[in-house]
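Take a look at the following structure, please.
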């Protein structure tokens, strides 16, 4: 998923001028917003993974977590497609504004998801009675990834909200290719590279029996 997101974004940078002269205008919005939605789905998968670990460690039910993930992502894609279809039929500045607010809300949902389950898992590991090198490593991994992902989604939320209320602040315009690159470097490319580096060692295959309740 990371490869797809960064690959699509790289193609958009390569054809920067052509993207902004597409007709109808909604095609430009689709190309600019779709990688962000894929980025959201990719990193909320990590939130789902952490939520499952936390719930199993606390002897809480996990069967509904994946359903919630699918419903949240499905609902977000459905609403976004509805906005795109409406803009295709009626190019309306009010709906375009709503679309930007929607992207900001999606970003803050992701940020809060990382804060909630990243924070819970971090403090659960800190309270774990056994001191070991592996425990310290997992603490650093969870803490670092939570901070990186929370920050990048928060920046995206702030910038999208700013561009929604001030058209001059929008980075997704033909005249700002360098600012566009810096923005997506901060909110997508750099976070992806850092997270992949921090989590470069794949976790072992999970067996539910190995999780024990933490009192």
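Cβ from N, Cα, C; glycine included.
Per TrEMBL, the feature domain 'THH1/TOM1/TOM3' maps to 1-215. Here TrEMBL flags 34-55, 67-89, 101-123, 144-165, 181-199 as transmembrane segment.
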Between the transmembrane segment (34-55) and the transmembrane segment (181-199), are there three or more CB pairs that fall under 8 A, provided the residues in each pair are separated by 6 or more in sequence?
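Counting Cβ pairs under 8 Å (6 or more apart in sequence), the transmembrane segment (181-199) reaches the transmembrane segment (34-55), since there are 3 or more.
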By Cβ distance under 8 Å, which residues at least 6 away from the ends of the transmembrane segment (34-55) in the same chain are close to it?
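Result: 1-2, 4-5, 8-9, 12, 61-62, 65-66, 69, 72-73, 76-77, 80, 103, 106-107, 110, 113-114, 117-118, 120-121, 124, 142, 145, 149, 153, 156, 188, 192, 195, 211.
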Taking a Cβ cut-off under 8 Å, which residues six or more beyond the ends of the transmembrane segment (144-165) line up next to it in the same chain?
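That would be 36, 43, 46, 97, 100-101, 103-104, 107-108, 110-111, 114-115, 118-119, 122, 171-172, 183, 186-188, 190-191, 194-195, 198-199.
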